[in-house]
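Taken verbatim from TrEMBL:
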TRANSMEM  26-48  transmembrane segment
DOMAIN    39-285  domain 'G-protein coupled receptors family 1 profile'
TRANSMEM  60-80  transmembrane segment
TRANSMEM  100-118  transmembrane segment
TRANSMEM  139-162  transmembrane segment
TRANSMEM  191-223  transmembrane segment
TRANSMEM  235-257  transmembrane segment
TRANSMEM  269-287  transmembrane segment
Amino acid sequence: MANTHNVTEFIFLGLSSNPEVQKVCFVMFLLLYTAIVLGNFLIVLTVISSRSLGSPMYFFLSYLSFAEICYASTTAPRLISDLLAERKAIPLWGCMSQVFFIHLFGGTEIFLLTVMAYDRYVAICKPLSYTTIISRQACALLVGAAWVGGFVHSLAQILLIFRLPFCGPNVIDHYFCDVLPLLKLACSDTVLIGLLIVANGGTLSVISFVVLLASYVVILLHLRTRSSAGRRKALSTCGSHVTVVTLFFGPCIFIYLRPSTTLSADKTVAVFYTVITPLLNPVIYSLRNAEVKKAMKRLWVRAMKLEER
């Protein structure tokens, strides 16, 4: 660390300073986080226990749900506990750890969504070669590559800010540690680091989003030759994925393409991509997918029979 790095902790301002608002937010975010964990865990459990969901698409979905649980858990528990705390402090090492894991799981989710788009492209555009291209080994390699990609992205982010000098003030106008609020508190020139963060975080989000949209344009063009029933089934599956992609990438691009500034709306936008999107993931994939709903019903019936015994 630099010699001027004499800050040992950071203080969060949180979402609101109003005690009544904080109490309401505590109940609301506690319920939301519980729903995130239970909903995504239910998808993981359903995919693991159901033979009918043995295709690669659901294999990737289970890992996406697991990543969503981990991603939400890096910020939500701290947010919930701080809503009842008078002093919202986090040690320096805890702040850096939070930055690392937010970008680890967030980056992994970006790559998993890209992998899922590739899976849909092969399934719809090259159906005869699908089982050969998306084999079990290929699935494992793609998921492993997504986690490695998330780790590399996160490592680059943390290395950019780890050696920044923080000599005061130490108050973060946010509810969790991230690269942009920390850049604002650094007592050194951060223009170059800000540009590098754009190259790493913002550009990654934009390029991935463009690639995903392009893949679905190709899929839509290919679907023109399908029957109406085949188009409806493919569009239903792809529609769920496009919805998740849009909800996740929109706020990320808004935040990470302007590293030199922070806006008052940042906290609201951050709530959306750290809490709301992980919550919507199981809802979108379960309600729009008949096979997942059937598998969940079978799992529920099986659980009821075991309980009766």
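Here the Cβ of each residue, glycine as well, is placed from N, Cα and C on the backbone.
Across the candidate stretches 26-48, 60-80, 100-118, 139-162, 191-223, the maximum count of CB pairs under 8 A to the transmembrane segment (269-287) is reached by 26-48.
Of the recorded ranges 26-48, 60-80, 139-162, 191-223, the transmembrane segment (100-118) has the largest number of C-beta contacts under 8 angstroms with 139-162. Per-residue pLDDT, averaged across the domain 'G-protein coupled receptors family 1 profile' (39-285), gives 85.
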